[in-house]
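Asks: Pasting in a structure now, in structure tokens, and then I'll have a few things to ask.
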């Protein structure tokens, strides 16, 4: 008999899979957003029979996904309490924090004031300064960088500032020093960049290669999360995908990297076969990175269907005293204007083989209810934010 109600908790964050505009969507210029709903319309119906069985369409109507008369999971939606709609904010809130100062994104590049300061203190000019794919920007600006020694600065749809430099032009220790300087400068509230990344590369024009000497300068969560409590109490906290990066390794007992959603599901299956007590926390980033930001509803829909097709494997390996929680961290409606995330409710599906009669849970007013539930289950210190729903699971 296990000491805990659930010996293992498997948490899946479907990155950016929102389920309709949040009450404060207007403040974020996101009125009318509905990631799942709009994808289903564009697909002329989504085929997600396994999520349907859990109760996905019982939360909100989704074309092609039938509501279940006897859902296998407790279901509801969650509203984000924090003042932001990015990945770090959503995930930090899931583990018990409330973020009042949002991380900033720079879809038009970084302000001159910041770049001038980096140029002045590093003694090098800056080129680029726009959102770009890391390999494409090397093809575009690598040669100019080699001739001039100017730093290639670029961003993405997330809160990141990346600095690329050729290892023979800018020695690694110098590049790292410049990134540390950028990290310091961007802690200022008017910049609030989540992550600075050193992106060294080698090779010749037309044949540049990024090296393994990448270095991230992230922000640590500003307070302890539920994962810290688990780790300090010798309870496993396994991070799959970019989870370890999101929390800067805080509270992680083991990290499994992934290269895609399907690889993420493979790694989840691996942890289901492992003997451990604690949390397995998976982020499936492709929905967001490959389809949401690129405003590709059909690609997004197919990725959702591929993910759904992997769920029977997961169900099969779950034990009686395991808990599966499926949610998201924000929206990213692929038919919404712009290329940014959208402020939406996220789905919450909570499944265990031990459940007798799952039904609708009350609406959650913060993502931190998940962290509170995990904390209560493993009898560790509860987060300051969030209300556990552990005792509602019967």
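Using the three backbone atoms N, Cα and C, a Cβ is placed for every residue, glycine included.
Here's the feature list from TrEMBL:
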type	residues	note
BINDING	15, 329, 330	Mn(2+) 1 binding site
BINDING	288, 293, 341	Mn(2+) 2 binding site
DOMAIN	8-381	domain 'Metalloenzyme'
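Would you situate these features in the structure and describe their surroundings?
Replies: Take the CB of residue 330 (Mn(2+) 1 binding site) and look out to 10 A: across all protein chains shown you find 32 other CB atoms. Secondary structure from DSSP puts residue 330 (Mn(2+) 1 binding site) in coil.
According to DSSP, residue 288 (Mn(2+) 2 binding site) sits within a helical segment.
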Asks: Compute the centroid of the Cβ atoms of 288, 293, 341, then list the same-chain residues not in that set whose Cβ lies within 8 Å of it, in sequence order, for the Mn(2+) 2 site.
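Replies: Here the non-site neighbours turn out to be 15, 16, 157, 158, 289, 292, 330, 332, 339, 340.
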Asks: Among the binding-site residues 293, 341, which residue has the fewest other Cβ atoms within 10 Å of its own Cβ?
Replies: 293
Asks: Given residue 330 (Mn(2+) 1 binding site) and residue 288 (Mn(2+) 2 binding site), what distance in Å do their CA atoms have, once rounded to a whole number?
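Replies: So the alpha carbons of residue 330 (Mn(2+) 1 binding site) and residue 288 (Mn(2+) 2 binding site) sit roughly 10 Å from each other.
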Asks: In Å, rounded, how far does the Cα of residue 293 (Mn(2+) 2 binding site) sit from the Cα of residue 15 (Mn(2+) 1 binding site)?
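Replies: Cα to Cα, residue 293 (Mn(2+) 2 binding site) and residue 15 (Mn(2+) 1 binding site) are separated by 11 Å.
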